[in-house]
Amino acid sequence: MSGHGTPIPMTSHPCGPLSGVAEVPGDKSISHRALILGAMAVGETRITGLLEGEDVLDTAKAMRAFGAEVTRHADGSWSVHGVGVGGFAEPEQVIDCGNSGTGVRLIMGAMATSPISATFTGDASLNKRPMARVTDPLALFGAQAVGREGGRLPMTIVGAADPVPVRYEVPVPSAQVKSAVLLAGLNAPGQTVVIEKEATRDHSERMLAGFGAEVTVEDTDEGRVITLTGRPELKPQVIAVPRDPSSAAFPVCAALITPGSDVLVPGIGLNPTRAGLFTTLREMGADLTYENERTEGGEPVADLRARYSPDMKGITVPPERAASMIDEYPVLSVVAANAQGVTMMGGVKELRVKESDRIDAMARGLRANGVTVEEGDDWWAVHGLGIGKVPGGGTCESFLDHRIAMSFMVMGMGAQAPVSVNDGSPIATSFPIFEPLMGGLGAKLERA
Ligand code: S3P
């Protein structure tokens with residue numbers, strides 16, 4: 001769990017070309033879901049490519065606490081012996097989800113329709129984040145939640161003994177909320193319907209169908225309507241987790257702004273609900289190509305090739321693209337600082353309730369390094385200085401947020417002077433091999 005240990009101050013020095021192959025770890029969203037759905041299936045699910053970051057390891061621990069057998073094998077693969085839908089045991093201890101909003105929200109959903117109680121907590125970042133967005137719909141199933149003021153963790157969920165299915169229109173564009181409702185719907189009799197106005201990442205729908213649940217998705221005038229038939233017997237699966245596009249974003253963006261770079265990031269999932277950053281970078285004029293495009297496990301996959309791109313221009317990022325790149329705005333803002341002109345990012349209110357307030361965190365760090373940023377409640381604009389013109393030399397606070405820490409490390413690579421963060425320890429939540437991987441490409445990262 002991040003934020004519980006000693007802070008790790010880190011500095012990124014301007015560096016020469018980045019080159020080579022960047023094999024980034026498995027997808028965080030899919031890894032959480034593989035463990036949770038595996039725990040709700042009957043029999044053994046085998047998983048390769050699981051992200052072994054702190055967030056996912058906390059979810060593995062939680063699934064054990066609910067009665068599933070979760071094992072890491074010597075070859076790095078994992079197996080989950082599930083207890084079946086409705087088969088969760090009541091945990092004996094508090095469930096600590098560390099830094100992970102996805103972990104806690106999905107697990108709350110998964111247990112909310114079983115006649116058990118569980119108490120959830122997390123680190124200082126997670127315990128500040130809003131949970132009512134999940135507990136409101138879970139109450140419709142008959143679950144009760146008692147937490148701190150403002151619906152914050154620590155929080156106890158008393159699962160519904162006699163759950164009823166629900167029809168729920170998700171009020172914020174959030175795959176976590178959608179997924180919590182679908183997972184709760186698994187143990188409710190009849191059909192649970194979730195409606196989302198804007199499409200968010202659809203891994204839960206795809207994986208539920210893969211595990212044998214009856215799930216349909218329709219695009220209607222109301223939005224995307226997802227219908228799940230409750231009480232299925234989920235069948236164990238063999239899952240190969242694709243590499244995470246949100247982690248790929250860091251070596252890709254680093255290559256674009258570091259002189260002479262040419263980096264290949266193989267095997268990246270390009271599910272359209274996740275790939276918005278790469279479209280945006282190409283619109284800005286990035287030399288980013290998709291090689292060896294293919295389909296793996298039903299998902300579009302390609303090798304990304306990113307080369308130094310000295311002529312990128314600021315653009316207005318279409319707000320309707322926000323959900324498909326929501327975790328990538330911090331590192332996009334670093335590229336924007338290296339582009340010519342203003343990059344305007346609107347429709348991004350959700351950035352304010354991530355592991356940190358990501359608009360505030362990035363704006364502070366960018367300004368500390370000589371970049372002008374304007375911001376409003378749901379938008380921000382970065383005034384690009386042009387390639388290699390970011391002064392750097394500043395120290396940024398990471399606010400217990402892995403993506404903030406990594407974004408500023410990327411900024412240092414193409415800046416005029418080193419860029420530091422007060423605490424790089426949260427990087428281990430999603431990208432535990434970030435330092436050796438970036439170092440292997442030629443980055444100069446240093447722990448103080
Ligand atoms: C995730 C959904 C997104 C994203 C998070 C992972 C998921 O959060 O930011 O990193 O796996 O469902 P929201 O659902 O809050 O948008």
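Keep in mind that glycine also has a Cβ here, set from the backbone N, Cα and C atoms.
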Among Asp75, Asp136, Asp327 - the residue TrEMBL places in the same 3-phosphoshikimate site as Lys28, Ser29, Arg33, Ser174, Gln176, Lys354: Asp327
Beyond the flanks of the region 'Disordered' (1-20) by at least 6 residues, Cβ under 8 Å: 54, 58, 96, 98-99, 122-125, 251, 254-255, 258-264, 308, 392, 400, 402, 405, 408-426, 428-429, 438, 440-448
Among Lys28, Gln176, Arg403, which are recorded as binding-site residues, the nearest neighbour of Asp327 (3-phosphoshikimate binding site) by Cα: Arg403
Neighbours of Arg129 (phosphoenolpyruvate binding site) among the binding-site residues Ser29, Arg33, Ser174 (Cα to Cα, within 10 Å): none
Distance-selected binding-site residues near ligand 1 (C-beta under 6 Å), from Arg33, Arg129, Arg358, Arg403: none
When distances run from the Cα of Gly101 (phosphoenolpyruvate binding site) to each of the binding-site residues Ser29, Arg33, Lys354, the nearest one: Lys354
